[in-house]
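Feature annotation from TrEMBL assigns domain 'Peptide methionine sulphoxide reductase MsrA' to 40-191. Per TrEMBL, active site is recorded for CYS46.
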Amino acid sequence: MKNLWLSILSIMTMSCQSKPNTIEKFEPNTMNIENGKEIAIFAGGCFWCTEAVFLELNGVENVKPGYIGGKTVNPTYEDICTGTTGHAEAIKIIFDSSKISYGELLEVFFATHDPTTINRQGADMGTQYRSEVFCVNAKQKEIALAYIKQLDEANTYGKKVVTKVSDASTFYVAEDYHQNYYNQNKNKSYCTYVITPKIDKVRKEFKDKLKK
């Protein structure tokens, strides 16, 4: 999936060039409720990583990797990999706000990726790997901007946070083989060396927020 791991992906049985059987889209509006729950959309590099992180959290009921923020209609993974569509790899989270708040989700998001690098997470480079919060309503934008301000004022990272805060646009759910990727491919090198350390960090630093 990543520049550093092309040799690994070349032997994967699934094709990164195939379109999903059906295009699933989420059109944001002022009501951020889906099936009685709330929605959060984050882009923080590889969506295999962010999906795996948020699946650990109590109150998170569903996480779907996908594409958002670009101009191409019904993009495929192959399209995204060109870096020319404008989309970011992102996740759409369905969560129960009585168990975990939007602010707590932001806390985990900023703790598990580097929000100080533009269009890059580690060896993964390109606009599709940018750090961005896509807000489905004005309240989320207010919370996200305030949280970033706090991080900068505390000099949390030793440099300025570059995470964008944007209004959510159409979210396209990624192909089936990207869904629940980490849990189905834990022994692959990218999972072992990139994703597992993020999972370990969440389990160590956010014990009170984990699923039982």
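Just so it is clear, glycine is given a Cβ too, placed from its N, Cα and C backbone atoms.
Remember, TrEMBL labels are computer predictions, not curated facts.
In the predicted structure, the domain 'Peptide methionine sulphoxide reductase MsrA' (40-191) carries a mean pLDDT of 96. Cβ-based neighbour count (10 Å, all protein chains) for CYS46 (active site) stands at 24.
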